[in-house]
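Take a look at the structure set out below.
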Amino acid sequence: MAAVDSDVVSLPRGRFRCCLCDVTTANRPSLDAHLKGRKHRDLVQLRATRKAQGLRSVFVSGFPRDVGSAQLSEYFQTFGPVANIVMDKDKGVFAIVEMGDISAREAVLSQPKHSLGGHGLRVRPREQKEFQSPASKSPKGVDSSSHQLVQALAEAADVGAQMVKLVELRELSEAERQLRNLVVALMQEVFTEFFPGCVVHPFGSTVNSFDVHGCDLDLFLDMGDMEETEPDPKAPKVPETSSLDSALASSLDPQALACTPASPLDSLSPTSVQESESLDFDTPSSLAPQTPDSALGSDTVTSPQSLPPVSPLQEDRKEGKQGKELELAEEASKDEKEEAAAVLELVGSILRGCVPGVYRVQTVPSARRPVVKFCHRPSGLHGDVSLSNRLALYNSRFLNLCSEMDGRVRPLVYTLRCWAQHNGLSGGGPLLNNYALTLLVIYFLQTRDPPVLPTVAQLTQRAGEGEQVEVDGWDCSFPKDASRLEPSTNVEPLSSLLAQFFSCVSCLDLSGSLLSLREGRPLMVAEGLPSDLWEGLRLGPMNLQDPFDLSHNVAANVTGRVAKRLQSCCGAAASYCRSLQYQQRSSRGRDWGLLPLLQPSSPSSLLSAKLIPLPSAPFPQVIMALVDVLREALGCHIEQGTKRRRSEGARIKDSPLGGVNKRQRLGGQEKSFEEGKEEPQGCAGDHSENEVEEMVIEVRETPQDWALLHSGPPEEELPLMTANCLDKAAEHNPMKPEVAGEGSQGETGKEASHPSSVSWRCALWHQVWQGRRRARRRLQQQTKEEGRGGPTTGAEWLAMEARVTQELKGPNSEQERPPGEPLLSFVASASQAEQTLTVAPLQDSQGLFPGLHHFLQGFIPQALKNLLK
């Protein structure tokens, strides 16, 4: 029980955290269930096993290189049983000897001097290090120091600078790239000895311009028959053998290396050749994480549109001849598979026995693209070698070309990968892999107006002589040099493109269309379409076509739940990008820009996406009633700001922020889709001239603050949004509130317009939503005893709720704004077009927002009904 107590930490609100498994539970029963679960029990057993092994082991050095484990075992058996010996196979300078019991270890250590074959041995206890659970390790590509990331992003000048800084923090350093080049050169040198004329091509994250710290090293071993003869410009030059050996020599302390904790499926420490073969084959998933950047993310099927047509000769063959040739083809295919499997085993044997520093080698012939997985100890890299993945090589070159064509591609992809990872949208299984997410970003950039990137079909047409390539029957032709292509005329800033991406994806028909990068537009999956046109293409909840292998839906593994969650998260992110918190750097030290987007998803953020319905009443009256409910009934402190509008037809370029705080009107676009018209360059959520205004009320926002963002003349500034303004607006036309841009002329001749979306920042110092029913019942009983009836009008109901709030606050809390920080603060946003209210947390250090949001979902609709009746 003591061990369990040391693993469990109590958290606020009755929650618990298991530090061993890196798991947080909501209550004590959930904690008890976790502690009895298989994951926790396995890790407890693994920790005990590692500790026992360490207590039985000794570190041995000083023996000659030609001494093997058998000789060491024979010597140490004189002191007691030997359970295991782990040799340093690379340099042969140390070994870990695990004795059968502690008494045998003590007998070894009690011997003052040890010698073997005339050489003195240095024997000392194995260093004991704190057990590190595999669950507590940082995900690949995530900076271990989150504080450094937060600080760097907070100090950036704007959102675009934050995105560029994120790339700098996550991309490989020059030293890491050189190390990978050395490993590739080492592989090239070794494989050339066995396969003269072969070429080792790196692909995936290493060369597609979207590398991150710790990404896998994916290699394609080309045995020949390449369509293009010139060498890969990204392939490293092979240095001399001596320089390779010295460059890859490990500088790690062997004692520390041997004591480094491993995952539950790893061996004790750096294993010998025999141990790597015997220990690792049971656990194919543990060897090296699959690289999503390669085209191996999901299963592929045969192409519908792009399958080569059946020739007339084949159609005229007789059935008997067809059957005979089918049998011959099956036999030939079987022979080819057996031959490929034999070559794969040969490659694995070469890696095991001939490449210094390589261990945990495993052949995986059953994969869609058969590979040999390996680990390289001196560099710490995981990787795989494939023999038939030339298409992925061109996919990587295509991604690299896209990043070279426009400097905004890399920051946008890095930011969205990080956002998806922190929101649990990318990864293995049913989640989006990085390759699919990158293609989704490229598709989005193809659909801008004007486009940021050309379509694949346009790139194919611009391929020059010598760049026409066909791989596995697919056209992979595109220019190699981005400087030959005309730059995009789209000059939108990164912050605007990021906001547009969220708006675009949240409105896409992911299941009813096929997003085609070759065409740069969605191909509608209409009902009644002949099945033979789609034969081989695996349609699903999300359909994203590979740029070259048109039979491959790179998002075929994504489930309906994940696709729906992707669009939900994009919708919430799009709403956030319309706020000043995204657009402006905080002067009060609060998170701004990218930082809230990159925070892990929480119950608060998920709840903020749930909408609260508003009654179908004139919007100015609804706004006024909402203010009364928040301020009078609940005692919220609402900090006011300025209401502003922009001139009609204002373009994105008029604002340094690209107008991302506007809400778009998409009626015209939706109509065009209903009529069956193509919208090849458009995407729902894009900026257009037909936009409606959004009014935002921000904390302590002054006209001077707005002048920094607004390019219009000062006389466009409108008065504060107060109850008097709302009263006048309602009196002006109580039954038909006007949308911005549709105003009428008042007595002064100036246009009177009403916003279509209003936001408030609210702060609470007391938990006025808890115990409210009990307090109301008590006050109603007092009113009844005094001979007064219950509330019959909206004003009486509001007065009663204000008394309930005061009762919950206590007798000594009559100040509108008490001193000190509020208990929590939130943003309430009302939308006229959607007739909904969105509530999102701003500051919630105690985790109280979920309870408040649950209360508001039932309280707000009933309160507005009472006030507006």
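One is the number of the first residue shown, and numbering goes on along the chain from there.
From the backbone N, Cα and C atoms, a Cβ is placed for every residue, glycine too.
Ser688 is the residue among Ser145, Ser278, Ser601, Ser688 that Swiss-Prot labels phosphoserine. Cross-referencing Asn181, Asn395, Asn490 with the UTP binding residues that Swiss-Prot gives (Asp216, Asp218, Arg417, Tyr435, His552) picks out Asn395. Sequence-distant contacts of the region 'Disordered' (775-796) (same chain, at least 6 residues past either end, Cβ-Cβ under 8 Å): 803-804, 807-808, 866-869. For the binding-site residues Arg417, His552, the ranking by surrounding Cβ atoms (within 10 Å, all protein chains) places His552 first.
Averaged over the domain 'RRM' (56-128), the predicted model has a pLDDT of 86. Once Cβ contacts within 10 Å are tallied over all protein chains shown, the binding-site residues Asp216, Asp218 are led by Asp218. Across the fold, the C-alpha of Asp218 (Mg(2+) binding site) and the C-alpha of Asn395 (UTP binding site) stand 13 Å from each other. In terms of DSSP secondary structure, the region 'Disordered' (775-796) contains 14 helix, 0 strand, 8 coil. Cα of Asp216 (Mg(2+) binding site) to Cα of Tyr435 (UTP binding site): a distance of 13 Å.
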